[in-house]
Amino acid sequence: MKIPVSLLKNPVHLLSLGFGSGLAPKAPGTFGTIAALPFWYVLQFLPPAYYVVVLILAFMLGVYLCGATADALGVHDHGGIVWDEFVGLWIALFMVPMHLGWILLGFALFRLFDIWKPWPIRVLDAKVHGGFGIMIDDVLAGVYAYLTLQLLYVLS
């Protein structure tokens, strides 16, 4: 289903559609993740405790935003809804070393886990609906990417 551009006039949909990045005709999740990078760049200068607070607030806001846009579109977890990618990437890149290689690896790991959906992500994606369901699979993909990235960093 093609998303009408007019939806972007509503701030709720503007955010959930990643400022329009979710309207990409192919790979909207990847484009949404790319769009999340400049916001992450600003966030990463926060003290870790504040960063975590932002993550929690962004998740809670995302439950509402994603649910509202899914309802407006009449489609659960439409590919164009990418606020969940924003939050998932921000989790994946939490406290990542400021080096392009680590940032790109974190990006790739997040996309891998988001697409692959290893257990229990796939189960939750299939069984949990609404805004929470839209958010939780990407949050867990972000956690998996974060843990993998941190392990690789420790081993390097």
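Note that Cβ sites are derived from N, Cα and C of the backbone, with glycine treated the same way.
Under the heading domain 'YutG/PgpA', TrEMBL lists 15-152. Per TrEMBL, transmembrane segment is recorded for 23-43, 50-70, 90-113, 134-155.
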Per-region confidence, the domain 'YutG/PgpA' (15-152) (mean pLDDT, whole number): 97
Secondary structure tally of the domain 'YutG/PgpA' (15-152) (DSSP, helix then strand then coil): 107 helix, 0 strand, 31 coil
